[in-house]
Amino acid sequence: MREFSFLIASAVGSAAVAAAARWFPTVRARLRALRLGAPPPSLLDRIDAIVCDCDGVLFAHGTALPGVPEAVGALRRAGKRLLFVTNSATQSRRSLCAKLSALGYGGVLEADCITSASATAGYLHAHYPHVRTAYCVGEQGLLDELALVGIRASGPADTGGMQALVDERFADAPPGEVDAVVVGLQMERLCYARLAKASAYARDRSRPFIATNLDENWPAGVGVVLPAGGACVRFVAYAAERAPDVNVGKPSRELARLLVRLYALDPRRTLMVGDRCNTDVAFGRSVGMRTLLVLSGCHTLADALNGPAECFPDFVLPSLDDLAAHHCPQAAA
């Protein structure tokens, strides 16, 4: 137990160890079950594919995390298939692929990437084939992915000032103009009128109301946390007095099953790597993947210990770099 406590102290600090002691016995079983440090040496022998989250795993604040591009290359040379799945709806598959390449991740193909924008477009196309136009709260990446499946995104609300917001015709749309409401993170040109228009359209329950993801926030810098897509979704949902029909992003089991089908994955031989317990870990666990929480992004070991069972990872490491360094050193050399 002394060695175990030392490992915890190394990962989260002595203050967290003291706090953990107060959580016993409710957390004691989890503390004993958690595989701190490197996963078993034989793990990669039982893994064919690795599904990676992006922000907080591969890069942070627009910069590749130290050693991780080399780690991804090493894992590839060890014969592992690498796939990249992000909850970001601001990115299209093409723009994510270009970003990863620019950050030094060589050999990444557009076909290896899934964003919540592309997943949303695919979901609408498959489940609501009648949808041809959508009123969107989102960035260009979302609009681009919708266009690829033949869905035109409506432009900003032409409000004509505050008086138009209370005009009885505010929520009206000519037939065929708005078939669905899609809400994700919008950082540029987001205004009250756009959110109000989306809420007004979403009040009509005949229109599908789709959330690209429900992420609460994202770390924009040291000590800086900004609202994420879930904040925009909750604004619209609260005002419309209606929950989204579906959350397409992680931890959506629908998305996990799509991933398994699309890439012919065996979940038992697939490792999900992420920095968030409530999205990445829960996503992998929903279809039986092994899960690795890396402490290079949002969540800490304390978050994992405090979370519900469905968000509890199989393994924890400081970084994806550590997985390659410990498990395929020859490929990493």
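Glycine too: its Cβ is placed from the backbone N, Cα and C atoms.
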Same Mg(2+) site per TrEMBL - residue from Asp245, Asp266, Asp275, Asp303 joining Asp53, Asp55
Asp275
When you measure from the Cβ of Asp275 (Mg(2+) binding site), how many other Cβ atoms are you left with inside 10 Å?
25
Between Lys250 (substrate binding site) and Asp55 (active site, proton donor), the C-alpha gap once rounded to whole angstrom
13
Determine, for the Mg(2+) site, the additional residues of the same chain whose CB lies within 8 Å of the mean position of the CB atoms of Asp53, Asp55, Asp275; present them in sequence order.
Cys54, Gly56, Val57, Leu58, Thr86, Gly274, Arg276, Asp280, Gly297, Cys298
Cα of Asp55 (active site, proton donor) to Cα of Asp275 (Mg(2+) binding site): how many Å, rounded?
8
Note: among active-site residues Asp53, Asp55, least Cβ-dense neighbourhood at 10 Å is Asp55
